[in-house]
Amino acid sequence: MLQTLYDYFWWERLWLPVNLTWADLEDRDGRVYAKASDLYITLPLALLFLIVRYFFELDPGVLATQVPAYRVSPAEGSIVFPRAQHPGPFCQWLFVLTLHPARSLVNTGSFVSYEQPKEASVGIARKLRPRIKSYVATPLAALLNVKEKTRLRAPPNPTLEHFYLTGGKHPKQAEVELLSRQSGLSGRQVERWFRRRRNQDRPSLLKKFREASWRFTFYLIAFIAGMAVIVDKPWFYDMKKVWEGYPIQSTIPSQYWYYMIELSFYWSLLFSIASDVKRKDFKEQIIHHVATIILISFSWFANYIRAGTLIMALHDSSDYLLESAKMFNYAGWKNTCNNIFIVFAIVFIITRLVILPFWILHCTVVYPLELYPAFFGYYFFNSMMGVLQMLHIFWAYLILRMAHKFITGKQVEDERSDREETESSEGEEAPGGGGAKSRALANGHPILNNNHRKND
């Protein structure tokens with residue numbers, strides 16, 4: 001049965017024009033053609049992206065807090081930690097993989113020991129501390145003077161915490177009264193506890209900045225690389241040449257790596273979406289990532305590569321502008337943020353609502369029918385392009401709303417942002433809150449919040 005499904009899935013009539021088979025796309029005479037098996041490499045590359053991103057965004061302060069005081073036990077050949085200061089999971093991984101392959105992790109009494117030969121333990125102790133250092137995003141945040149807002153933490157309360165995790169984050173009035181009786185707190189104190197607890201779960205400004213800086217770095221490099229791949233190709237200037245000789249079009253190494261890196265990055269975004277900053281358009285993000293992965297994959301093994309490179313470069317052209325605007329917003333560079341956002345909005349509207357539908361989609365919908373009858377792959381590809389175009393219209397609507405507020409002088413913020421709740425009315429703002437002016441703003445920054453994403 002599985003073989004039958006496999007054969008049906010790869011039936012030539014689904015993915016190739018009439019009278020063509022997969023045998024026509026076998027490598028020959030030094031010409032290399034795209035194959036579905038080429039895409040297997042994108043999954044390990046996606047994992048590599050996640051690892052690189054981790055160290056790119058790594059907050060050295062977080063790592064330092066996970067490395068407790070330790071002592072080297074030469075007699076036992078171990079690095080010994082008091083159990084109360086047992087290192088976190090990342091440090092365990094750091095010991096075992098990065099520094100030296102530990103023989104075993106031993107729990108004895110009130111101590112946790114990483115057993116090693118005597119000389120290895122001493123070597124680990126010498127190498128561990130110097131490795132705790134700044135990387136990219138956090139030093140950049142410090143350079144741009146990104147200031148974190150001090151948040152009041154909800155005091156430990158098992159009753160309220162249990163309801164928060166199981167019953168909901170926004171209790172109704174009747175539930176507040178019941179919790180008040182159960183916890184011995186007043187209704188006002190219960191409401192205050194939930195406000196503080198919700199704020200604890202919201203991503204910090206530094207986390208948002210690190211995420212934006214990672215995406216900015218990739219999008220900028222990807223756009224430059226994509227333009228280098230296609231700018232000297234004839235189909236960049238004449239859309240009809242996209243289909244010249246289709247589907248017997250060989251690939252070159254630059255196209256191969258452009259595809260593999262872009263697809264790997266989108267896989268990594270899909271894998272990390274649960275831990276990234278949550279937005280109100282969370283469902284749209286998932287639809288976008290899935291549609292993009294399907295489009296890139298299909299365009300590769302169906303040999304829509306020329307059209308695919310044009311589409312990917314077009315989408316990368318505005319995303320680095322958005323991420324840079326968010327970075328400057330978090331740094332409090334209001335004018336720089338506003339100016340970059342205006343440029344981003346213009347580029348986004350031109351590329352996503354003009355060039356894409358009237359040039360690219362016209363190229364993929366009209367020109368192929370001049371060469372061969374429509375087939376399933378033709379309808380499938382253009383249907384997925386239609387899904388992306390609808391998402392572009394949705395995001396363009398949000399962008400235009402923000403631009404309208406900006407032009408009319410109103411406070412501008414991301415339409416999808418999850419605004420932080422304050423307690424200014426109760427006089428309970430944490431020290432360093434910035435006074436009345438900053439309390440009226442979400443995280444102290446009135447322009448944009450890091451709830452934008454790669455809009456495509």
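All residue numbers here begin at 1 and follow the chain in the order shown.
From the backbone N, Cα and C atoms, a Cβ is placed for every residue, glycine too.
It should be emphasised that the depicted structure is a prediction, and the values quoted were computed from it without experimental measurement.
Per TrEMBL, the features are:
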- 145-205: DNA-binding region (DNA_BIND)
- 420-429: compositional bias 'Acidic residues' (COMPBIAS)
- 143-204: domain 'Homeobox' (DOMAIN)
- 207-408: domain 'TLC' (DOMAIN)
- 413-456: region 'Disordered' (REGION)
- 39-56: transmembrane segment (TRANSMEM)
- 216-236: transmembrane segment (TRANSMEM)
- 286-305: transmembrane segment (TRANSMEM)
- 340-360: transmembrane segment (TRANSMEM)
- 380-400: transmembrane segment (TRANSMEM)
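Here the transmembrane segment (39-56) has Cβ contacts under 8 Å with residues 135-137, 210, 213-214, 217, 260-261, 263-265, 267-268, 271-272, 297, 300-301 of the same chain, all six or more residues outside its ends. DSSP assignment over the DNA-binding region (145-205) gives 36 helix, 0 strand, 25 coil. Confidence over the domain 'Homeobox' (143-204), given as mean pLDDT on the 0 to 100 scale, stands at 87.
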